[in-house]
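Annotated features in TrEMBL:
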type: BINDING; residues: GLU176, ARG220, THR372, ARG376; note: L-aspartate binding site
type: BINDING; residues: GLU369, GLY417, LEU418, ALA419, ARG420; note: ATP binding site
type: DOMAIN; residues: 143-446; note: domain 'Aminoacyl-transfer RNA synthetases class-II family profile'
type: REGION; residues: 198-201; note: region 'Aspartate'
Amino acid sequence: MTRTPIKNLAPFPDGFVTVAGWVETVRDQKKVQFVILRDESGAVQLVNPATRDLEDGASAEEHAAAALTETIGGLAHGTMIRVTGELKHDERVKLGGIEVKIATLEVVSEALPETPIADDSSLDKRLDWRFLDLRRPEASLIFKIQTTFEHALRSWWVERDFIEIHTPKLMASASESRAELFEMEYFETKAYLAQSPQFFKQMAQPAGFGKVFEIAPAFRADPSFTSRHATEFTSIDAEISWIDSHEDVMQMHEQLLAHAIGAVAAKHGAAIEAAFGVELSAPTTPFPRIPLAEARQIVADGGYEIPRADGDLDPEAERRLSAWVKANHGSDFVFVTDYATGIRPFYHMRREGDPTVTNSYDLLYNGTEISTGAQREHRLDVLIGQAREKGLEPEELEFYLDFFRYGVPPHGGFGMGLARVLMLMLGLGSIRETTYLFRGPTRLLP
Ligand code: AMO
């Protein structure tokens, strides 16, 4: 008999079914045994009337029943089993109103009796045993949500004629800054792991692609141990031609997110509320836009002095600003715009008439930055000047500067961390929870 995914059992009429999965719990009572069996789709109660203490002359059937009872009594948590039995609908069964009376049980793959992690294990310990940690339904739910989210992003882009690109992650130069750069041997020379697809998504503009996107890994040799930094993360990037300013990028960005979060809410809203206590709905657009100087003032008026010397918002300021926006505009999102030139990379376009600010933004979601976006400087002479000003050698950037020598449309885009979006969407405390396998300064395994 082919197996039926557990979530599909309920509509079946009473009768024989086969299910397969892992043992979540065994309740071995004197007269009856219960097993909670879980697969990727759900959990079901299995039941077996216990047969013990056979008398002399017991029948072969009774011996088989006693053997089954013994097998069930010895099942370790996590053991993979396949069971054929009789499905019965019974309203009294708390778990979904159904149970399966075991006819045959095959132990397919035994688990060691001691499970290395428990519900109260530390996050670090859980990550050591990530494959077991991921068996928790709330954990696999995160990746079902991720699948829906990415699918919705792609659909939105594809319907609007964006082209998907895959840029190389082995690079000859830094893509964001010399800091946080992974360097490696590359035959006779050195290579660097891409910190962002920045240069090559921009290359698609003189290539005449118009609108592009990429969802791919990015690498940062960031030694910090915060809840929102990883050394390898999935970056969601888009870049579009013929924009008038970063406003065009923000409009694309907010519509894209409203669509993708709406798709997640429609498909997983009830499960998200049950697992994480979050009521998710599609955000309304436009998201509020607040220039950085004003954002700083709002935070200062709230009694918090930002300790950073460079003028950027620190995590506490981001939280306070988001709380203010939520209270005053009812939005979980806010675009902080007009970043000062000093805290932005050389490729950001500066404001015409006020070169102290850039045509750029950060997007905050429920109190934390999830994205940076900007209009790019596409005028070669200005770009070279800005690179020099930031201490970069134009000679090292020749391949990038070439993109601007043969005609290039005005353009802009954004980069957004996938795990951060999921963490903030679900109200979780760390991107370690929303990354399949987290990579940090002290974690390369599993
Ligand atoms: P930025 O460096 O701000 O911009 O990165 C964009 C977004 O990527 C995510 N992110 C990270 N996530 C986890 N761990 C990290 N170490 C990490 N670093 C960044 C964040 C962040 O907001 N090229 C520009 C984007 C652009 O202008 O298009 C860039 O990379 O969510």
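We number each residue from 1, going along the chain as drawn.
Cβ atoms are placed via backbone N, Cα and C, with glycine included.
Quick caveat, the model's predicted, so the values are computed rather than measured.
Cα separation, GLU369 (ATP binding site) to GLU176 (L-aspartate binding site), rounded: 17 Å. Counting other Cβ atoms within 10 Å of each Cβ, the lowest count among the binding-site residues ARG220, ARG376 belongs to ARG220. ARG420 (ATP binding site) is 24 Å away from ARG376 (L-aspartate binding site) when you measure Cα to Cα.
Ranking the binding-site residues GLU176, ARG220, THR372 by the distance of their Cα atoms from the Cα of ARG420 (ATP binding site) places THR372 first. Residue environment of GLU176 (L-aspartate binding site) contains 18 other Cβ atoms, counted within 10 Å of its Cβ in all protein chains. Within the set of binding-site residues GLY417, LEU418, ALA419, the entry lying nearest in space to ARG220 (L-aspartate binding site) is GLY417 (CA atoms). Mapped onto DSSP classes, the region 'Aspartate' (198-201) shows 4 helix, 0 strand, 0 coil. Residues THR372, taken from the binding-site residues THR372, ARG376, LEU418, are distinguished by a CB atom under 6 angstroms from ligand 1. Binding of ATP is attributed in the record to GLU369, GLY417, LEU418, ALA419, ARG420, and the widest Cα separation among these residues amounts to 12 Å. DSSP assigns GLY417 (ATP binding site) to a strand in the three-state reduction.
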